[in-house]
């Protein structure tokens, strides 16, 4: 009997954190839900991080995934922005870990290569492929679509790892 695995993907950001959930039953993918959490830019950093923590905790509690995949941050020229993104990413790692989930991390180029076949591509290409692989998927923006792409990436790596163990 094939076991259903539910995976959440998290695309962290201080302004917007995308999330997407897909069920896997054997080789079949089934879209469950996706969305974008927003933090209030008028609040201080601690309050914004709290908003993200609370929102992501509610998503994990509601959908009860088995595994989580989180995107690695990229370093840019603005050190302050990179630091804030890193703090939002810490929330994205912490929430599933607190729920007892194994957490996996993927670089943006790895995600793109898994979804569209090359490590460099436009967001539109990724979103088009997510829609092709998950025709019933609904996402409210780039961040949620990226989170779904992250789940697809993790499922490919998860499957390859399982085959290596069996072989």
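Each position is counted from 1, following the chain as shown.
Heads up, the Cβ atoms here are built off N, Cα and C, so glycines get one too.
These come from Swiss-Prot:
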type	residues	note
BINDING	11, 143	Mg(2+) 1 binding site
ACT_SITE	11	active site
BINDING	71	Mg(2+) 2 binding site
ACT_SITE	71	active site
ACT_SITE	143	active site
To see if you understand the setup: which same-chain residues, six or more apart in sequence, place their Cβ under 8 Å from that of residue 71 (Mg(2+) 2 binding site)? 9, 10, 11, 12, 89, 105, 106, 107, 108, 111, 146, 150
Secondary structure of residue 11 (Mg(2+) 1 binding site) (DSSP, helix/strand/coil): strand
